[in-house]
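**Q** A single structure is presented below for examination.
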């Protein structure tokens, strides 16, 4: 026999002996052992027992282990566990069975205090387990777990304290105090000995686990081993409620009750197997009739019916009563019906901040992510991994979204992302690419997509929330996806060509700024003549490369490269920002100057022109990017960086996104097509409000994990909500936030969140705020589809607006309604030919809400107001203009906001559009926050002194200054949004003047002159002033102020804009458009 074979036999023999010894010890009848023993007092806590305890990090919830593992952390290090027997309950019986004493034991560990109830027989069973363990630990069994445990307790004393031997029936009433003291001393001594304190029998006796003493999970609640029945989940379209004995099984689980949720764990692996959130439908029932189980306990909420089995009816009653008492004490906010039917309570003293456009929003998200220590939650309708959150890009890829997430994941932060899983035939957002890209960055990044359309039968509705949550303490809520095309600032640039030039020693920065466009244009004309030949182009590049290295005369170099021609030629080969980023990126593509660019990045300096007018063509100097200057060994390189790279430069009405797996390749020609500016609103909340946002995300995540089999593995963990009790402990705070009252709102249903009753609290809040507004409302929204007829449209936002105006008219009150929406829906289509069918369908329902048909707002007003409705309500859009390649161009600014401001004291910001999809709750899932001011500033309203809210008024003034062109002119008085002077002489007048000028110079569409398709064809064939008379056009455009334009009510008013029969859009249910 070989040595290897002999070793194999010996190993096998040892394993057999170990198994036999283990069985022997397990079956040892320890009732024969004496309970008496030498009492030992020992405190094994390291260092001083009174030393400050160390908190168990919240992230440990993702690293739970089997309950019998020897190295799991349960207790706070350096902190003793103190026990006190408070009382004894004596249960008498009329039968011959002896009376039973029930001891109430209060335990304290750091900040945590809890009680357990035990009979004397439980003490005896516990003592036998420890004796068994004491004997077992002496046997050198060759297993990894046993060896580890032996090594850990090698130097520890093993003498156990004594347990009273006499039977409880033998002691008299007056001896109960002594028995209590004996049991208390016994526990105290056991808990001072780590060898026994950390043993799984001890933790089970004390009702503690790995999740008991985590600070952010709140106070320690009830825990214990139970039997639970499978099933009971409310999964749409699937009948698996667990009724009927044929379709369920019983499993042993460790139940944990916290202040706002219950969970149970698998004892063998320590994995969290389910989380049940406390909500307004939380109920506990006991008895066979309610549970279909002997000694059963039933726990209901909006998402599940959970059936537990106890040892006796009394045990079931105790569990039910104890859970209910604990939740009533610590989680009462979650049990109540809240305002507007919301799942979330109203919270006072919440730090909140608003954002107009994505620049500041993205920057604060980037900074908050950088400060994350435990978790990052993200959910979006669309997410583009390669977008830059800080622009211009002067630090390489540091602030690129995927790079931030990877960096934080490497630091140990857990990142959970939920994406809307689109119907690929209808949408091209390619969420599968996003998931694949993010998941391969790091194991700490987990991505789910939902819904599965076939299995869930959900084809028409979408997850539309846009949320970023940091450590469940800071939550960004609004309408801005972390996706292409969303980043914008108050400039709303139309062009983003980018350029880099060299400033010679005798040339000033100011002269270069003034002459940059002209010189670049003249150079581009020369370049075009040789763009079809490879050799001359490459030769000029090599020559330029030599000039950059200091070879040759500097006067021959006026521009980095012939970027434009090569840009068009090489778009399809571009797969990284280094290939198409800017003029300097061309050299990266041709391996000529990558080291130079990286070397000078730290020395970049940003400049802006010393004076910029908000009017006319003088704005175009800011349209191509921010100017930067770089000192190098060959002189100063000066130019304008790009803000939108690759797919981020977009105009989705002109062309929808394609090839998203090539993020840095342009898909439209930025030298001939202006981008579509993006106007949006976001917000951030802290503390308890952020906890509520996280709770919604957690509910959706856990529901998706249950619903989709691929996510049931341990690699996709259940998420746990942090306690509201610790919400005030902010580790990170977004600068610039103010204190206010806040409440979270949502649209959610069975398909989106797994809840029994749908929620439409956003709809309820909108109608309530409008109906109860006293002076004005200001609305920005991507859609305006309302005015219920209970046939096609059901939300009542439009009706509330009309009724509030009628009330103001009847009472002789001055009241204003400001509505800003996109001039065209955001669907691909050529408006010069009438637009696509989808675009026309949305136009139909927008016009139906505003002015066409008996249900429209204007038709509801005219019977009483006639034409006086114009004194109450204004409909506007946004538009801007610029110069692109020597040509005057204009484009609408796409309003994507979901904003309502009322009376300078109430704001609703979220992801919900004004349409049935967003408002009714049963359709798209949405999230919003209503903020009501508690801090005020002196102001004016309707000509009278008024205390305006800091949050609401600040946001309203920022929006007004932006759209009216007053950001750089604070002298204009826009404090009073109700006065005739502001409403008529500033707001209405500016919108009308701007619209008239744009129509005169560009003959813009949509246009009030075009009532049908025949007129449309004639309209687009007429010459436009911008091409016929450049000087006159420029003179007219100098009169433009801001971005505000009147909305054209009569565009295609004689056409039926609904999809015609035979088109694919006509097959789509009407609910898709509304």
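Cβ coordinates are placed from backbone N, Cα and C, and glycine is handled just like the others.
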**Q** Looking at 431, 499, 855, which residue has the phosphoserine feature per Swiss-Prot?
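**A** Among 431, 499, 855, the residue Swiss-Prot annotates as phosphoserine is 499.
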**Q** Out of 95, 505, 629, report back the residue that Swiss-Prot marks as phosphoserine.
**A** 629
**Q** Residues of the same chain, at least six outside the domain 'PLD phosphodiesterase 2' (891-918), with any C-beta under 8 angstroms of its C-beta?
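**A** Long-range Cβ neighbours of the domain 'PLD phosphodiesterase 2' (891-918): 354, 381, 461-462, 464-466, 477-480, 486, 492, 494, 651, 674-683, 745, 747, 762, 765-766, 769-770, 773-786, 793-795, 797-798, 820-824, 826, 845, 877-881, 924, 926-933, 936, 939, 941, 946, 948-949, 951-953, 955-956, 959, 977, 1043, 1071-1072, 1074.
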**Q** Six or more residues out from either end of the domain 'PLD phosphodiesterase 1' (459-486), which same-chain residues have a Cβ under 8 Å from its Cβ atoms?
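**A** Those are 216, 355, 358, 361-362, 364-365, 368-369, 371-384, 387, 389, 401, 418-420, 422-423, 429, 450-451, 453, 644, 647-648, 650, 652, 657, 675-676, 678, 680-687, 689-691, 693-694, 696-697, 700, 721-722, 727, 729-734, 744, 746, 751-752, 782, 896-898, 909-912, 917-918, 923-929, 1069, 1071-1072, in sequence order.
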**Q** As a quick check of your reading of DSSP, tell me how many residues in the domain 'PLD phosphodiesterase 2' (891-918) are helical, how many are strand and how many are coil.
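**A** When I sort the residues of the domain 'PLD phosphodiesterase 2' (891-918) into the three classes, I find 3 helix, 15 strand, 10 coil.
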**Q** Could you break down the residues of the domain 'PLD phosphodiesterase 1' (459-486) into DSSP helix, strand and coil, giving a count for each?
**A** 0 helix, 10 strand, 18 coil
